[in-house]
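Just below is one structure, and these are the notes that go with it.
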Amino acid sequence: MTSVSGSSPATWLIAFGLVMEEATRRSGLAEWAGQWIVDRVTRDAPAADSVRPYRHLLVGLSVAGLLLVLVIPVGIVRVLLLAPIVLEVGKRFNSRRVQHGLFFGPILVTYLGSSSVLTGGSPNVVILGIFESVTGASIAWSEWFVLMFPVMGIGRLLVIVGVVYALYRPTPDLELDGATAATQAMGRSERRMIAFLLAGVAVWVTDVVHGLHPVYGAMFVAVLAFLPGVGVADFEETIGDINFSILFFIAAVLAIGEGLTRTNVADALAEQFLTVVPTDASLFIVLGLVFALTVLLMFVVSGLAAASIVTPVILAFAADAGIPFLPVVLIEVVALSMPFFPYQSAVLVVILAYEIVDVGELIRVVSLTTLATILLLVPVQLSLLAVTA
């Protein structure tokens, strides 16, 4: 039997994403962006009104978190990039309640908004790799963006900000430390790095024209960042500081998915799933069942492991049932971004490592956010995928 392998464009996409994050940090762009947001929001705020700056910072930093989804392909990396900024901003308020709100809003948006963009998170990339291995086709970055970003990107940002603000409403005695240094003009290194990131996004957005895999956009940014005379970081120093151990895990997950397909295990499970789905069920109902199955599986295994198990099964099911592949895998991606407990996601474990909140509070906020998303956004996303299919 042909051996399975975890080496794929999806694995390389994660690798280049790690390089992009480190180059962005070394260029100073991340720190400058955080200072710029704080300066813009608090510059004209009345001294007696600290609530309005809090609301503006919550929205502004959350929008920044969503924008990071477009340019940094790894969720953990985005959290590591954004967390120091929001923690520093939170220290300017005298309320721990507000500090928690400013932490949770942007961090949850940059993490949970990952399903809205093909290159937004590791589960997406794992599913893409299995999809390409099983079907021999790929998914366009722009097609994914059009179908997912309006609801699971913008819509989820609004839900998260709403839930976080409701949980962490400021008290009337809120005070803001007004002492802040004016943001310096963007330097040469920062300007170059933002140009490189925009160039990568341009490659992803135009994939319907050139047909290149998303990995080429990430590789393009990485090459520019280290190009002599043009780049913003030293190659040897930067690569030496990056922990690539996650790539072995990603490769193993991809190999599991391919193994389930080649050994016909996925086909057998798909046949069992066909017996559960009514023969006359609409695509909306089928997608809803796939969503529910994936969410339930995540209580047993983590998101990436669930992706490696579910994706081959639902692709085999879609082939047997004669339904389009794309809406099925996209609703699976939505389900994988519905965590309740820290053990379901490495990103939530990283959030706990900052020790700003305890496990109970993290579970409460994440669970309420997930439930609100399921009630308000998932029916809309299901309808959109069913109609466009």
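The backbone N, Cα and C atoms fix where each Cβ goes, and this holds for glycine too.
Copied over from TrEMBL:
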type     : residues : note
DOMAIN   : 7-331    : domain 'Citrate transporter-like'
TRANSMEM : 57-81    : transmembrane segment
TRANSMEM : 102-124  : transmembrane segment
TRANSMEM : 144-168  : transmembrane segment
TRANSMEM : 193-209  : transmembrane segment
TRANSMEM : 215-235  : transmembrane segment
TRANSMEM : 242-261  : transmembrane segment
TRANSMEM : 281-301  : transmembrane segment
TRANSMEM : 313-334  : transmembrane segment
TRANSMEM : 340-357  : transmembrane segment
TRANSMEM : 364-387  : transmembrane segment
Intrachain neighbours beyond the transmembrane segment (215-235), with Cβ under 8 angstroms and 6 or more residues off its ends:
9-10, 12-13, 16-17, 19-20, 22-23, 26-27, 73, 119, 141, 189, 192-193, 196-197, 199-204
Please check if the transmembrane segment (364-387) comes into contact with the transmembrane segment (102-124), where contact means 3 or more CB pairs closer than 8 Å and the residues in each pair are separated by 6 or more positions.
yes
If we skip the immediate neighbours and take only residues 6+ beyond the ends of the transmembrane segment (340-357), which ones have a Cβ under 8 Å from one of its Cβ atoms?
75-76, 79-80, 83, 87, 99-100, 103-104, 107, 111, 298-299, 302-303, 363, 365-367, 370
Residues of the parent chain within Cβ reach of the transmembrane segment (193-209), under 8 Å, 6 or more residues beyond its termini:
20, 23-24, 27-29, 70-71, 118-119, 140-143, 145, 186, 216-218, 220-221, 224-225, 232
For the transmembrane segment (144-168) and the transmembrane segment (281-301), decide whether they are in contact, meaning at least 3 CB pairs lie under 8 A, counting pairs 6 or more apart in sequence.
no
